[in-house]
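If you check Swiss-Prot, you get these features:
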- Gly72, Pro73, Ser74, Gly75, Cys76, Gly77, Lys78, Ser79: ATP binding site (BINDING)
- 40-281: domain 'ABC transporter' (DOMAIN)
Amino acid sequence: MVSTVSQVSRTASHDAGGSAAAGLAAMAASRVMVESQPKIAVRNLDFYYGSHKALKSISLDVHERQVLGMIGPSGCGKSTLLRILNKMYALYPGQRAEGEVLLDGENVLGKDVDVNVLRSRVGMVFQKPTPFPMSIYENIAFGIRLHEKLSKAEMDERIEWSLTRAALWSEVKDRLHTAAAGMSGGQQQRLCIARTIAVKPEVILLDEPTSALDPISTLKIEELVDELKRDFTIAIVTHNMQQAARCADRVAFFYMGELVEVGTALDMFTNPREQRTQEYITGRFG
């Protein structure tokens, strides 16, 4: 593996994006990926905004207890795909999906699927932190009450568990009943992650979760993602190549509504099969 990275570093040094590509390769090579079966299987998926076809015949797997990084220029369809995985698009008239999104073999695009159950199994964290206008405690308890009836002691235990998993408990344990709006941006985003995992989903979708955060808060979120994949399947949309190399086990590159290429992070950042992938990764467009 080291020799592969060295080879890429030497080859990449001949072009303008060489040093950046070599750095991405080194980051990807440092990750340890455990092989697993697909948790979500997307098959022949087309998606429409009215008459506009935004996604074209997408087929890809999201492997269990791995991180799938989704990269590509703005408007390429990666965030659209993320919202299809837990049927968020159904909230908006005129949007429709054709094909299959199989969660443990069940097509979640079917009309008889209970979207509330689906979204408890496949949780989502958005680009901008979205704490509810209530206390830190109630931000997490709110979602739990929709799905479970817990005693006060059980609720307290679940909230401590979720805040601990989100690397936030030590920072807020003495002010749980104060307004979440008083937290920093990075803390608010970790609160949103805690709120998501509090209902014990199987999959976590992250849509550019650090784009509005400072570098220190970004690092905390990235470390958290690496920790959470031990128990959750994760898909993350990012415009940051370094973040994809640091966080993702597999990477999917999208361009103009098409899935151009998907592979391990190491393969994608050292030896992409498609010229468009190479050009995007090295910053020649995007």
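Backbone N, Cα and C define each Cβ position, glycine as well.
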Give the sequence-ordered set of same-chain residues, not counting Gly72, Pro73, Ser74, Gly75, Cys76, Gly77, Lys78, Ser79, with Cβ within 8 Å of the centre of the Cβ atoms defining the ATP site.
Thr80, Phe254, Tyr255
Show which residues of the chain containing Gly75 (ATP binding site), separated from it by at least 6 in sequence, have their CB under 8 Å from its CB.
Met256
Lowest local Cβ density among Gly72, Pro73, Gly77, which the record lists as binding-site residues, within 10 Å:
Pro73
Residues that sit under 8 angstroms from Ser74 (ATP binding site) by C-beta distance, when 6+ apart in the chain:
His239
Would you mind listing, in sequence order, the residues at least six apart from Lys78 (ATP binding site) in the same chain with a Cβ closer than 8 Å to its Cβ?
Met70, Ile71, Gly72, Val237, Ala252, Phe254
Do any residues at least six apart in sequence from Ser79 (ATP binding site), in the same chain, have a Cβ closer than 8 Å to its Cβ, and if so which, in order?
Asp207, Glu208, Val237
Using Cβ-Cβ distances, find the residues under 8 Å from Cys76 (ATP binding site) that belong to the same chain and are at least 6 apart in sequence, listing them in sequence order.
Phe254, Tyr255, Met256, Gly257
Take every residue in the domain 'ABC transporter' (40-281), average their pLDDT values, and give the whole-number result.
96
Coarse DSSP state, helix versus strand versus coil, of Ser74 (ATP binding site):
coil
